[in-house]
């Protein structure tokens, strides 16, 4: 029986999950919920099911795999990654995976908070000034490695790819000073399963955010 991944009909928090499911050739189906237009932003599609799915902490995204029902995006990622030994093989690799996992969430949340802020246009110039330092830290952490944890693909690569790609969409030149990050994105997109998935109609690059956001909302 295929796994069921539930989320809004946007890229949001689930792009790394979708990419990991594709990379691992996992059998899954998507349950996509649609949010209504502003100002009401009707969420009844999700709210009508929210407490009927047997989730301990009902939220989106969720993953249902037989008797296993999981919420929280990173918990879902780790569940899939453990099945395929993608959490790092050595202690050093596992430490690097943990660091990037949490750093990527911080970096992602900073962009989310800006894009859902009513003062988006006013705050955007200051936010743009902070991007080079953010990207510099990722570049230095990656160094000359092909992947963030080392020589092999791990779950943190899916998170790093997604957040770096979002920032590049937000500020197209932000990775120009960091060729190793641009090479990393190209290397990731060149993975056979990933490349094939990105050519399908199922791949959702945008919108990144819901209709309530000030950027990438359609």
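Each residue, glycine too, has its Cβ placed from N, Cα and C.
The domain 'GST N-terminal' annotation in Swiss-Prot covers 2-88.
What Swiss-Prot lists as glutathione binding site is 7, 8, 46, 47, 48, 49, 50, 59, 60, 72, 73. The number of other Cβ atoms within 10 Å of the Cβ belonging to residue 60 (glutathione binding site), over all protein chains shown, comes to 19.
According to Swiss-Prot, the feature domain 'GST C-terminal' maps to 90-208.
Summarising the annotation, Swiss-Prot assigns substrate binding site to 116 and lists similarity to another entry as the type of evidence. When other Cβ atoms within 10 Å of the Cβ of residue 116 (substrate binding site) are tallied across all protein chains shown, the result is 15. Under DSSP, residue 116 (substrate binding site) is assigned to coil, being neither helix nor strand in the three-state scheme.
Between the alpha carbons (Cα) of residue 48 (glutathione binding site) and residue 116 (substrate binding site) lies a span of roughly 25 Å.
In the three-state DSSP classification, residue 7 (glutathione binding site) falls within a strand. Around the Cβ of residue 50 (glutathione binding site), a 10 Å sphere holds 15 further Cβ atoms from the protein chains shown.
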